[in-house]
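Record features, source TrEMBL:
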BINDING   21, 22, 23, 24, 25, 26, 134, 177  ATP binding site
BINDING   68, 69, 70, 95, 96, 97, 98, 138, 149  ribonucleoside 5'-phosphate binding site
BINDING   102  CMP binding site
């Protein structure tokens with residue numbers, strides 16, 4: 001038990017939020033490479049649990065099959081487990097918390113408050129345009145479905161961003177620009193975490 005507490009005392013967590021198409025998936029690997037964070041994605045952890053065919057995985061699968069949201073406690077415990085099993089103590093958690101219930105569960109169960117929230121801010125029209133361009137021909141990316149995804153984001157996730165903003169914890173990035181321009185801003189937000197030094201093996 002002590003070991004777990006020790007992990008938690010030294011752990012740095014950054015939540016990465018933004019609408020679908022805001023560029024989270026592009027920027028997270030860059031943060032990992034540049035600053036040595038471990039990238040955790042709640043959706044990937046849930047999927048891995050389903051594929052493991054554990055009792056928990058079957059339950060998650062049934063929730064999804066019925067179109068229900070997986071209870072926050074399950075998602076948070078998977079995140080907590082991944083953090084405890086990692087050798088790293090710096091984590092970016094991508095696309096989480098999606099709603100107030102997620103946020104409260106994370107703080108209650110993991111007992112960690114995020115260092116800050118990295119928020120990729122992008123207007124709805126631009127998000128829609130990007131998703132349509134990105135996945136031409138994908139069934140779940142027609143205008144109607146995109147509209148539903150964005151509605152969930154604006155109704156559920158924006159209140160979380162507003163909550164952390166009231167605590168002075170939100171670092172807002174203008175996500176309408178090019179990938180490199182956005183990453184320049186991201187680098188300045190992460191400046192207090194020393195970049196990872198890599199030896200260039202080509203020299």
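In case you wondered, yes, glycine gets a Cβ from its N, Cα and C as well.
Known features from TrEMBL, placed on the structure.
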{"residue": "23", "record": "ATP binding site", "Cβ contacts under 8 Å, 6 or more apart": "120, 122, 175, 179, 182"}
{"residue": "24", "record": "ATP binding site", "Cβ contacts under 8 Å, 6 or more apart": "16, 17, 18, 94, 95, 120"}
{"residue": "25", "record": "ATP binding site", "Cβ contacts under 8 Å, 6 or more apart": "94"}
{"residue": "26", "record": "ATP binding site", "Cβ contacts under 8 Å, 6 or more apart": "179"}
{"residue": "96", "record": "ribonucleoside 5'-phosphate binding site", "Cβ contacts under 8 Å, 6 or more apart": "15, 41, 42, 75, 79, 102, 106"}
{"residue": "98", "record": "ribonucleoside 5'-phosphate binding site", "Cβ contacts under 8 Å, 6 or more apart": "42, 156, 157, 160"}
{"residue": "149", "record": "ribonucleoside 5'-phosphate binding site", "Cβ contacts under 8 Å, 6 or more apart": "20, 131"}
{"residue": "177", "record": "ATP binding site", "Cβ contacts under 8 Å, 6 or more apart": "none"}
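When every Cα pair among 21, 22, 23, 24, 25, 26, 134, 177 is compared, the largest distance found for this ATP site is 16 Å. Most Cβ neighbours within 10 Å among the binding-site residues 22, 70: this distinction goes to 22. When the alpha carbons of residue 68 (ribonucleoside 5'-phosphate binding site) and residue 21 (ATP binding site) are compared, the span between them is 23 angstrom. The number of other Cβ atoms within 10 Å of the Cβ belonging to residue 102 (CMP binding site), over all protein chains shown, comes to 23. Residue 70 (ribonucleoside 5'-phosphate binding site) and residue 22 (ATP binding site) are 24 Å apart (CA-CA, integer value). Residues near residue 21 (ATP binding site) in space but far in sequence (CB under 8 A, at least 6 apart, same chain), listed by position: 122, 126, 127, 128, 130, 131, 134.
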